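Peer 1: Before I ask anything, let me first share the structure, which is written out below as structure tokens.
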Amino acid sequence: MYNITNKRYIVLFVQYNIQLEEILLAIASFILYIFVTAYTPGPNNIMAMVSANKYGFKRTIKFCLGVGTGFLIIMLLCSYFNLFLRTTVPKIEFSLSIFGSFYMVYLALKIMFSKEKKSESDVKKKFGFSTGMLLQFINPKVILYGITAVSTFILPFYHSQFSLMIFSLILALVGFSGTICWTIFGALFQKFLRKYRIQFNFVMALLLIYSALSIWVEN
């Protein structure tokens, strides 16, 4: 009797350890996925860095807030309409990819041939709150990132509305923090990068074009 009970405890202990390892592995994978996606070069980060380098940190904050707001809206939509989006996005992904990639190339050309302007109207027009927010809705990477993060790492473990809201906020904050970091980098090296403004703009434009092309490579 003792041996049977002892074996049951051992089995339960092993099962508990396996479940714990799976949970820890899922958490580690989730953290790695969202931070790598948020901090690697992409339209949000590149645009923020260019803006900070050209106009300064303070004038770029509105763009970053727009990115964060748009990111949060996308993450909430992905959380609450995950099943619908998973069936709908593949149908419109081709059109979304065309529009998104062409817009990124357009932004790249504007950066490449931009002149040294610092007027407030120029900042609002190119790097305002609305620009940052609307950019999220035409970027297939952000939408697919939200669907993947929610369906793979969140929904298998959490289902309550409160949990979905919290995780959507976390995803948005991580995305926002990545954009802020690139903004700070652009502002800190503003004087240095201005000496090589043409070269810097050219490299940033190439990175944006790469982001546009990567949409098709990943698809």
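Note that Cβ sites are derived from N, Cα and C of the backbone, with glycine treated the same way.
Caution: TrEMBL annotation is automatic and unverified by curators.
These figures come from a predicted structure and were not determined experimentally.
Feature table excerpt (TrEMBL):
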TRANSMEM  23-42  transmembrane segment
TRANSMEM  63-82  transmembrane segment
TRANSMEM  94-113  transmembrane segment
TRANSMEM  134-158  transmembrane segment
TRANSMEM  164-188  transmembrane segment
TRANSMEM  200-217  transmembrane segment
Peer 1: Considering only Cβ pairs under 8 Å, which range in 63-82, 94-113, 134-158, 164-188 makes the most contacts with the transmembrane segment (200-217)?
Peer 2: 94-113
Peer 1: Hey, which bits of the same chain come close to the transmembrane segment (164-188), Cβ under 8 Å, at least six residues off its ends?
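Peer 2: Distal contacts: 34-35, 37-39, 44-46, 48-53, 56-57, 60-61, 64, 67-68, 71-72, 75-76, 78-80, 142, 146, 149-150, 154, 158.
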Peer 1: Which sequence-distant residues neighbour the transmembrane segment (134-158)? Criterion: at least 6 residues beyond either end, Cβ under 8 Å.
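Peer 2: For the transmembrane segment (134-158), the far contacts come to 23, 26, 29-30, 33-34, 37, 42-44, 47, 66-67, 70-71, 73-75, 77-79, 82, 85-86, 89, 93, 96-97, 99-100, 103, 164, 167, 171, 175, 211, 215.
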